[in-house]
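The structure appears below as structure tokens.
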């Protein structure tokens, strides 16, 4: 094992030379949050752009009614295609970002993604026709995919295992802040020239370049992931950054030294599995032995897809209709939608304080229950409101509509406190170091599929069956509970190395995973203690031998 020298400071200006422990972690979280803020802003931006008269006329998918001022879409496929091609870009971008992130490091990949997204945003705000906009959206999506694949990995690999959830949750508060900023900026611009000017949609698109420029300029002054540095045999830098992250007092230095040696053990053991590093091998699990990487890939992809099907995409599409049922005018509906986004943002703070206390599974459980109830009731009251309006009882229709609107608020608040964060944290936690960036990228791959699919499908569903679409989303929440219970092991308060032991069981069921872990804890407490400290665990064959043959061995693989 290479020995790390006692590096006194990183070359040039780096915040790690001046900050340590929690201050350094907060600084890292802020720069990571800048990327997540851009991600939220970019998602929220198109809602207002799609209502801009100049944009609608230029793209040619409809017109604005001169009397009501409401957009009338005549080519929904073109409108939806312009929006959804962004997710096709993120699908390819996340795979590129995962590959580049494991090759060149987390910092360079963040800068690479920022630059790519700046080019995409520039192309979008200067678009002159639909074809131009479609290409620009795809380019911008690639940049977003690169950032989404690598930023959670960087944040997770620098945080301590006891606070991983808290740090990622804070970042997603900034994510929804981006949505809020996009909404209110576009709401304000809608009053310029009666909302008919090109400035109404070109400026909000160009505005996203500002946080990207800050991200591109600032990220170079932040420390690289010590785990990636150790993987690349840059041990002096890895140890120095760990010391700054854990503290330069006696206890912090001892913790950093122990963690450094543990990471080196993990690197040495995981290099035995270098043949599983291609995306094809990750997806299929070929060659991963008892690491069961293919199982983990399926878990993170489907968790992201389920995240969309629990209803957030439906609420985004259908909320304005619900507000109109309640009798709110166009302008008031916009105010209510903006207020809903603010509630959404503050609800994410709940996750900051609960995720590391109650765990990932219970967060998903209570979220699915609350979201499911809200979806069924929002759909039911929407139907009652429509029926009352058709019967001419506007007072009763307004009451039912207000009730439906309140459940939209409840849904988005519960989602922000639960399902928004966990599907992004889980992929960054459960993969071995050697493939962590690419593993997380496959989670973003699932998010791209789920979002792109529903972006196209939701308008069709609502047009065909109306509020009954919300019942489908409510049912998906019900189905999500047994899926999480049966297939998703708890990762809370476990080190990134200790999590690997959960996936050593030969079956995908969570009770087998916990039973195997408990058996190891009883029969080999030294093995569990090593993983709890972050130390690499010996190969599965040795594990099986020491465990009395309980763990079947198909390959001599590393659990690390």
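Every residue, even glycine, has its Cβ placed from backbone N, Cα and C.
The list of residues near the transmembrane segment (24-41) in space but at least 6 beyond its ends in sequence, with Cβ under 8 angstroms from a Cβ of it, reads 15-16, 110, 113-114, 117, 144, 147-148, 151-152, 154-155, 158-160, 163, 167, 170-172, 174-179, 181-182, 207-208, 211-212, 214-215, 218-219, 222-223, 244-245. The transmembrane segment annotation in TrEMBL covers 24-41 (among others).
The domain 'Major facilitator superfamily (MFS) profile' feature in TrEMBL is assigned to 28-492.
Per TrEMBL, transmembrane segment is recorded for 77-100 (among others).
Summarising the annotation, TrEMBL assigns transmembrane segment to 167-185 (among others). Below 8 angstroms of C-beta separation, residues 25, 29, 32-34, 36-45, 47-48, 151-152, 155-156, 159, 204, 207, 337-338, 341-342, 344-345, 348-349, 351-352, 355, 416, 420-421, 424-425, 428 of the same chain, each at least six residues beyond the ends of the transmembrane segment (167-185), sit close to that stretch.
Among the features that TrEMBL reports, transmembrane segment is placed at 205-222 (among others). If you look at the transmembrane segment (205-222), the same-chain residues 6 or more away from its ends with a CB under 8 A from one of its CBs are 13-16, 27-28, 31, 34-35, 37-38, 41-42, 45, 49, 107, 110-111, 114-115, 117-118, 121-122, 124-125, 185.
Marked as transmembrane segment by TrEMBL: 299-323 (among others).
Among the features that TrEMBL reports, transmembrane segment is placed at 335-355 (among others).
Among the features that TrEMBL reports, transmembrane segment is placed at 362-381 (among others). Counting same-chain residues at least six beyond the ends of the transmembrane segment (362-381), those with a Cβ under 8 angstroms from any Cβ of the stretch are 310-311, 314-315, 322, 351, 354-355, 400-401, 403-404, 407-408, 410-411, 414-415, 417-419, 421-422, 467-471, 473-475, 477-478, 480-481, 484-485, 488.
According to TrEMBL, the transmembrane segment annotation covers 401-422 (among others).
Marked as transmembrane segment by TrEMBL: 442-464 (among others).
For the transmembrane segment (470-488), the residues of the chain that approach it from at least six positions outside its boundaries are 299, 302-303, 306, 309-311, 314, 318, 360-361, 364-365, 368-369, 371-373, 375-376, 378-379, 382, 426, 461, 508-510, judged by C-beta separation under 8 angstroms. Residues or ranges marked as transmembrane segment by TrEMBL: 470-488 (among others).
Within its own chain, the transmembrane segment (299-323) is flanked in space by residues 47, 332-333, 336-337, 340, 367-368, 371-372, 374-375, 378, 382, 401, 404-405, 408, 411-412, 415, 419-420, 422-423, 426-427, 430, 439-440, 442-447, 449-451, 453-455, 458-459, 461-462, 467, 469-470, 473-474, 476-477, 480, 483, 487-488, which lie at least six positions past its ends and keep a Cβ under 8 Å from the stretch. Counted as Cβ pairs under 8 Å, contacts with the transmembrane segment (401-422) are highest for 335-355 among 77-100, 335-355, 442-464. In the predicted model, the domain 'Major facilitator superfamily (MFS) profile' (28-492) has a mean pLDDT of 85.
A Cβ distance under 8 Å defines the sequence-distant neighbours of the transmembrane segment (335-355), meaning residues of its chain 6+ beyond its ends; these are 44, 165-166, 168-170, 172-173, 175-177, 179-180, 183-184, 187, 319-320, 323, 328, 363, 405, 408-409, 412-418, 420-422, 425, 492.
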